[in-house]
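A.B. asks: Straight out of TrEMBL:
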type: TRANSMEM; residues: A:6-26; note: transmembrane segment
type: TRANSMEM; residues: A:33-52; note: transmembrane segment
type: TRANSMEM; residues: A:64-80; note: transmembrane segment
type: TRANSMEM; residues: A:92-116; note: transmembrane segment
type: TRANSMEM; residues: A:149-169; note: transmembrane segment
type: TRANSMEM; residues: A:205-230; note: transmembrane segment
Amino acid sequence: MNVSVQMLLALSLTIGVYLLAEQLYIRAGRTSLLHPVIVSIFTLMGVITLLGWEYPEYQRDTQFIHFLLGPATVALAVPLHENMALIRKMALPLMVACVTGALVAAGSAVVLSALWTGDEVLALSMSAKSITTPIAIGMADSLGGSGSLAAGLVLLTGAVGTLLLPTLMRWCRLHDDALHGFVLGVTAHGFGTAQAFERSFTCGAFAGLAMSLTGVVSAFLVPPLVPFWVGCEWVG
Amino acid sequence: MVFGFFILITYWLAGEALSQWIGWPIPGNVVGLVLLWGTLTVLKKVPKGLADASSGLLRYLTLLFVPAGVGLIEHWDRLMANGLWMLLIIAVSTVSAALAMIGLFKLFRVERR
């Protein structure tokens, strides 16, 4: 790796902007619209445009940060293992719900994107919209979609989910904290999990478990189904 | 800590090798996650070094998405052209998935009283 001034500048800018965004998020009362990732991404887009950098250069210079997503994804096995003890009695219905939720979320997004926009890259990237970002980026890339677009769609899904789901679950009278958290984790990944922890510890732990399970289940089940979903438009 | 990092990289390697060998489009790091999860289930405990390395990485997990997220700048035209559709699709799909799950919970009476 050739260390250049531009590379160090890109790394310091990325980390610095992120730390500032985190402070802003905490001071603004942790609203998901000001999530540090959202604020950092848009700020850095502005910064690299002002500096006249092309994205591929920035991407190369920040490879070190991106690389850490690999081991971090493997590390998700640790909280997953620790939280599995929670679901002993409810394991079967929760697994069925997780698989159903993951497939409905991915399938409906892919089919609707193909039908309404006819944009294939968008449809392929939409398949990863409800799963946790580290897994979503890899999955979208290996399907022929775009990891960056998937990252953006995941953030949007998280923000939309945390805005709509609490009301939806109140209307449906789903009051059990464990199930409430589970639905948030499956449909709104890390954003849902953060919101669930504000409700109660149980709610948060179930959301975290649901988030990791959904990521794993989707990575295995969704890729073989995607060509079929995308094909709906051209066949139908 | 270094031991934990060693474990994470080795499992990633094993996952990447396995996923290329099977030829299924699953990211190698997810296969590594499943292999490590299986190992921890058999061991029934998390080695200290691994617990340290993983909590260190996961504490700042969201920072790690930022470089990929900035790549959204290359999809600016797509966002401008289809942004509202994307928002609508995401809302419809999220609500459908949540309703399907809530329906299952009511059907099988999973809710605790």
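FYI, residue positions are counted from 1 along the chain as it appears here.
The backbone N, Cα and C atoms fix where each Cβ goes, and this holds for glycine too.
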A.B. asks: Taking the transmembrane segment (A:33-52) as the reference, which of A:6-26, A:64-80, A:92-116, A:149-169 gives the largest number of Cβ pairs under 8 angstroms?
C.D. replies: A:6-26
A.B. asks: Grab the same-chain neighbours of the transmembrane segment (A:149-169) for me: Cβ-Cβ under 8 Å, and only residues 6 or more beyond its ends, written as numbers and ranges.
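C.D. replies: Sequence-remote neighbours of the transmembrane segment (A:149-169) are 32-33, 35, 37-38, 41, 121-122, 125-126, 128-133, 136-137, 139-141, 180, 183-184, 187-192, 194-195.
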A.B. asks: The transmembrane segment (A:92-116): which same-chain residues, six or more beyond its ends, come within Cβ distance under 8 Å?
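C.D. replies: Here the qualifying positions are 122-124, 126-131, 182-183, 186-187, 210, 213-214, 217-218, 221-222, 225-226, 229-230, 232-233.
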